[in-house]
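Engineer: My questions will all concern the structure given below.
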4 protein chains.
Amino acid sequence: MAKIKVGVLGATGNVGQRFIQALDNHPWFEISALAASERSAGKKYGDVADWKIGTEIPESVEDIEVVTIDPKNIDADIVFSALPADLAMTIEPAFAREGFVVASNASSFRMEEDIPLAIPEVNPDHLDLIDVQKKNRKWDGCIITNPNCSTIMMAVTLKPLLQFGIENINVATMQAISGAGYNGIYAMSIYDNVVPYIGGEEEKIETETLKIFGEFDGAKVKNAPFKVSASCNRVPVIDGHTEAVWATLKDNPKPETVRDAFLKFDPGLSHLPTEPKHPIIVRDELDRPQPRLDRDMGKGMSVSVGRIREGIRYVALGHNTIRGAAGASVLNAELLKEKGYL
Amino acid sequence: MAKIKVGVLGATGNVGQRFIQALDNHPWFEISALAASERSAGKKYGDVADWKIGTEIPESVEDIEVVTIDPKNIDADIVFSALPADLAMTIEPAFAREGFVVASNASSFRMEEDIPLAIPEVNPDHLDLIDVQKKNRKWDGCIITNPNCSTIMMAVTLKPLLQFGIENINVATMQAISGAGYNGIYAMSIYDNVVPYIGGEEEKIETETLKIFGEFDGAKVKNAPFKVSASCNRVPVIDGHTEAVWATLKDNPKPETVRDAFLKFDPGLSHLPTEPKHPIIVRDELDRPQPRLDRDMGKGMSVSVGRIREGIRYVALGHNTIRGAAGASVLNAELLKEKGYL
Amino acid sequence: MAKIKVGVLGATGNVGQRFIQALDNHPWFEISALAASERSAGKKYGDVADWKIGTEIPESVEDIEVVTIDPKNIDADIVFSALPADLAMTIEPAFAREGFVVASNASSFRMEEDIPLAIPEVNPDHLDLIDVQKKNRKWDGCIITNPNCSTIMMAVTLKPLLQFGIENINVATMQAISGAGYNGIYAMSIYDNVVPYIGGEEEKIETETLKIFGEFDGAKVKNAPFKVSASCNRVPVIDGHTEAVWATLKDNPKPETVRDAFLKFDPGLSHLPTEPKHPIIVRDELDRPQPRLDRDMGKGMSVSVGRIREGIRYVALGHNTIRGAAGASVLNAELLKEKGYL
Amino acid sequence: MAKIKVGVLGATGNVGQRFIQALDNHPWFEISALAASERSAGKKYGDVADWKIGTEIPESVEDIEVVTIDPKNIDADIVFSALPADLAMTIEPAFAREGFVVASNASSFRMEEDIPLAIPEVNPDHLDLIDVQKKNRKWDGCIITNPNCSTIMMAVTLKPLLQFGIENINVATMQAISGAGYNGIYAMSIYDNVVPYIGGEEEKIETETLKIFGEFDGAKVKNAPFKVSASCNRVPVIDGHTEAVWATLKDNPKPETVRDAFLKFDPGLSHLPTEPKHPIIVRDELDRPQPRLDRDMGKGMSVSVGRIREGIRYVALGHNTIRGAAGASVLNAELLKEKGYL
């Protein structure tokens, strides 16, 4: 079977590099184009990428010539977008218009009515919003999005709690530095420090979660009826978002019952290449999960939970630039392919 | 006026050093005895202290000969206890029996019915539990305690919210390394990491807060009627506990109203030497308070608040080993003196 | 006695804030002007400074109206320059021409033949280069400079070694983040990391040291005859540069002899307000000096040394933005005043 | 071909875990025994290991029953020792006596005259000391050792410089926290700090290097004639030792010549499974190598060099618990097998 050609938009940045890592040796996809700014265009990816992930740069992309971010330059069925929100706002529709499937990590279109905001383990049916979108917008292609990194970790863990009737969520996040991009935070700002604010982050968790858990009736998504209140903090951690969650549940289940629900959670996606063996890992140690120890579980795609207590309170953790960004988009694309959209 | 003689029990440790710092050049108190383990006894404090605060060791204590922790060795009216909880359990009563006022930072007796758990700005009347205690226990002296570090920061900020009717508190803490003592946490455990668990900490916040805000009728304290649910985390910060608080308030005040209440908070204690000019500092910047920038405000005795939002949600921050430990005990002692107990 | 009026150029930045800290409550100097960029001019210092030192902003400067960096705006006898090198290049001569004494922390003029590069404890006579400078340049005022932060720490410790005949110096530095300015280093660049390169730093240590220890014959400075070879590294430390020094000394003294020389070092400047009691502090512990514990010694003006071993090898440490920048300039100004230049 | 059975002594610790990681799916070796203290014996490795590497614990070892460290309990041809030096002192000879080949990471026997201290890329012939050793000691088995972590990084880079005539080496190390073992360093000791001392480390680099580069005439090793002077520092980095090296070379080669020598370095060991494609990686960027970015190159077995300057000065970097410990031992064992000793 020939592999599906994929492009990466914004290929040189932090999330762009994670896309390349996620796509290296992918059984279904092969990178056919790497697009970045004028400054990098025309040069070899290996020469301009400033690879900062701590692994060797994959040989398969080292010699690819970077192109500018223009549909004309790209021969691919799907493009993964690691663009910043302002650029994504105009570029992603341009690609969709030209027939590309755009799997975007940007926030620009997440809350649009006819654009899916999807996590395969949580709301796979929302991807069918594509049909509505194409009709609405008369695009040959389409845009699909994955949620914000801090939303994803929590949403994956809320899915098995839905059965208990979610009424209210309070969540305090302790988010990694890499979430702001390589140049997003000065060392003097965060070392020996906590910054109790991340611009726009609380709004994203609070609104995106309701759309993700909204009911899709084939035409539109009706927001979930519960409430989310977030308090977002940056902490001195390289990768991995940790979240302290209070979930008020109608059925008032015991912690053991919640633990069982986490353990039994099986979204039936193990045939997707990027899906980890355990999308949720339950840690029973008193002091886990911890970002340095648990962020790379399931190649960065597992969400780890622990400290499930009366309340219900628990701690959730995942890798913000893999499970919370590039890996999330690639998993969405895999589900698209399986559904026949690719 | 002659100064009151004070001793420090557990003088060489992390909190012991903070006691000495708080008592150096104190206008009312003078250190007459430094007590520590057998290992240090008989030697000069300057030779055994392993001073780790980052300032010069005060000259006034450098040459004091350390004694063992025995009432017979100590000539003082009050002793400050920086003892670990297990030692405090037997040593503190021994001192109280011998007529000493014991101002303790240990957790051992905090929840005892006849022992005050006091913060001068919050529940100064609770100190009068001493009278009950002396009658009960037939001690010449007495024990008074200050709350756990993470409890204190929150309690100071809840005091001005009492007027709005506190119904429920959720709090996620991000606590500093120094809170575990100098040897409490391995570098490999916390660097580039968050540890979402601190043994006993959540129980302390949840129970101590209710006693602090309990009503004292002259005979006993009746616990406050609201609920506290805590999620405690260790983060890579040297000093300064940061807390994300959700306060459900009956009157449902607006954030501006809450901000005003914080600003107007004046417990009328400015005549006490250790009381800062502003026990609560309101920060209006989007991203404050932050531990590295705000922990030393008011010489480490101010609690800084910020990010007051609908909910009511806000962030509170204070220096854990000053406001949350040694400074809290010294402030209690100052109030005791003013009340005539010293 | 009326205080001498001083201005600070570049008052809002990292080093500018350290100047204000050093000048607050100064017995000889009082701040009469704070100058910064257009953006800040016309506003109160307290509103634009973004004070980041971790202490309260001094009340004495909070309400001072910031002016633009123009000699016309400033009424002062001396200005302290915390300007970046490129701006200093044109602005500092403009002030000198207008009759100001400019005490500069910038690197722009340090290596000019007729401009003193001075450390009061090391080469106080070099300040007399001012007379040569004024004659040469026909300025009413003058420029004096202090060395680069990493140079200063080492130079102070080399002074008492001069007597043994310095032949060669190798030095590996481990420098703090704050040395690059508040916005100089991204968190992703330095956290859990070492960066073995600081632009221009090695050249500065290698050339400045030779000028500092050069012989001044009343007309010019003849470079010292020894060699310095530096390897500069950035490490995850907020403040405080640590330096591993190898000093090849002609007389081949024993470590104890070198230790004695450090201990006996007394430049006779204790009457200067900013001079610490001990310009060099000798630490005999196996594992000192350490930046977090020793950087604030002598209010940040002492250089701590330790681990004096055969070789001669030793470790030197000082506060980079106090002893290595603002404090160094202020100390130079104090010596100027004493010499009658102010 | 049947795989060679290997045991790991001290399997639960930091280096023990790295051994298991290095041996997982090894093409020549298979783990047949995991030995640890009484406390762990009799239990499944997965239950006692407290796996802290940040990856999933390999399935192949999860269910292995841990045994006590006794030759009788172990069926293997070779045992890898991650024992602390004091235990290694008696246990390793006991295993050698019983016929085991012991590949040790401990320092206990490194400097013994008849025990090889080997790095395959540097002094592979020294492994033949085994013959001398067996004759001397009448052991059926033998002990081979790898150098200390900080020695290894430097020694690998000195090998290609031998041709220029090494006269003197000064080296300042900036070593990672993990080098002290999981419980070796308190967070309060190293966070926002540098500790300019590591017990015994400087002596190890200074003596081990001379033995490694010593001439082996079939009977004994004659120490190399040059001098090494080290200054060892602990910095806040999880993994990866960075070293600033000054190499005084008789031929006084230019930096470009030295760079060429590094680039051309090929010890001809690419057939060994653990040997990386490039044992030395040359980085031409101004600011590399850096521990977080380069420690995992060549699966942690490459040493990266950069900043090659006149002097000759350069920076070397490698993963301390892989290239500097477990990987070094496994590579030695692979060479042993090739030489027919296994």
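Any Cβ shown, glycine's included, is placed from N, Cα and C.
According to TrEMBL:
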type	residues	note
DOMAIN	A:5-130	domain 'Semialdehyde dehydrogenase NAD-binding'
BINDING	A:T12, A:G13, A:N14, A:V15, A:R39, A:S40, A:S178, A:G179, A:N320, A:T321	NADP(+) binding site
BINDING	A:R110, A:K204	phosphate binding site
ACT_SITE	A:C149	active site, acyl-thioester intermediate
BINDING	A:Q175, A:E201, A:R234	substrate binding site
ACT_SITE	A:H241	active site, proton acceptor
Engineer: Could you tell me how many residues in the domain 'Semialdehyde dehydrogenase NAD-binding' (A:5-130) are helical, how many are strand and how many are coil under DSSP?
Structural biologist: 41 helix, 26 strand, 59 coil
Engineer: Taking every protein chain shown into account, which of the recorded positions A:R39, A:R110, A:K204, A:R234, A:H241 has the largest tally of Cβ atoms within 10 Å of its Cβ?
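Structural biologist: Going through A:R39, A:R110, A:K204, A:R234, A:H241 one by one, the largest Cβ count within 10 Å is at A:H241.
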Engineer: Could you name the residues, excluding A:Q175, A:E201, A:R234, of the same chain that surround the substrate site, i.e. Cβ within 8 Å of the Cβ centre of those residues, in sequence order?
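Structural biologist: Nearby residues not in the site list: A:S150, A:T173, A:M174, A:A176, A:G179, A:A180, A:V195, A:Y197, A:I198, A:C232, A:N233, A:H241.
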Engineer: Do you see any of the binding-site residues A:T12, A:R110, A:S178 whose C-alpha is within 10 Å of A:C149 (active site, acyl-thioester intermediate), and which ones?
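Structural biologist: Passing the 10 Å Cα cut: none.
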Engineer: Which ones in the same chain are close to A:N14 (NADP(+) binding site), with CB under 8 Å and 6+ residues apart in sequence?
Structural biologist: A:K52, A:A82, A:S178, A:G181, A:Y182, A:T321
Engineer: Spatial neighbours of A:N320 (NADP(+) binding site) among the binding-site residues A:R110, A:Q175, A:E201, A:K204, A:R234, defined as Cα within 10 A: which are they?
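Structural biologist: Near A:N320 (NADP(+) binding site), where near means Cα within 10 Å, the binding-site residues are A:Q175.
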Engineer: The record names A:T12, A:G13, A:N14, A:V15, A:R39, A:S40, A:S178, A:G179, A:N320, A:T321 as the residues that bind NADP(+); what is their largest Cα to Cα distance in Å?
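Structural biologist: Max span of the NADP(+) binding residues, Cα based, is 27 Å.
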Engineer: At 10 angstroms around each C-beta, which of the binding-site residues A:T12, A:Q175, A:S178, A:N320 has the fewest other C-beta atoms nearby?
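Structural biologist: Looking at the binding-site residues A:T12, A:Q175, A:S178, A:N320, the Cβ with the fewest others within 10 Å is that of A:T12.
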Engineer: A:Q175 (substrate binding site): which of the recorded positions A:T12, A:R39, A:K204, A:H241 have a C-alpha within 10 angstroms of it?
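Structural biologist: Matched recorded positions: A:H241, sequence order.
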Engineer: I'd like to know which of these recorded positions, A:C149, A:E201, is least surrounded, judged by other CB atoms within 10 A.
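Structural biologist: A:E201, out of the recorded positions A:C149, A:E201, has the fewest neighbouring Cβ atoms within 10 Å.
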Engineer: Using a Cβ cut-off of under 8 Å to chain C, which of the binding-site residues A:R39, A:S178, A:E201 qualify?
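Structural biologist: Among the binding-site residues A:R39, A:S178, A:E201, the ones whose Cβ sits under 8 Å from a Cβ of chain C are A:S178.
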Engineer: State the mean pLDDT for the domain 'Semialdehyde dehydrogenase NAD-binding' (A:5-130).
Structural biologist: 96
Engineer: Name the one residue among A:T12, A:R110, A:K204 whose Cα is closest in three-dimensional space to that of A:R234 (substrate binding site); these are the binding-site residues.
Structural biologist: A:K204
Engineer: Which of the three DSSP states, helix, strand or coil, fits A:C149 (active site, acyl-thioester intermediate)?
Structural biologist: helix
Engineer: How long is the line from the C-alpha of A:K204 (phosphate binding site) to the C-alpha of A:H241 (active site, proton acceptor), rounded to the nearest angstrom?
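Structural biologist: A:K204 (phosphate binding site) to A:H241 (active site, proton acceptor), Cα-Cα distance: 15 Å.
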Engineer: According to DSSP, does A:S178 (NADP(+) binding site) fall in a helix, a strand, or coil?
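Structural biologist: Where A:S178 (NADP(+) binding site) sits, the three-state DSSP reduction gives helix.
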Engineer: Measure from the CA atom of the residue listed as 'active site, proton acceptor' to the CA atom of A:E201 (substrate binding site) and give the result in Å, rounded to a whole number.
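Structural biologist: Rounded to the nearest whole number, the Cα-Cα distance is 13 Å.
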Engineer: Measuring Cα to Cα, how many Å separate A:T12 (NADP(+) binding site) from A:R110 (phosphate binding site)?
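Structural biologist: So the Cα of A:R110 (phosphate binding site) lies 23 Å away from that of A:T12 (NADP(+) binding site).
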Engineer: Using DSSP and three states only, what is A:E201 (substrate binding site)?
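Structural biologist: A:E201 (substrate binding site) sits in a helix per DSSP.
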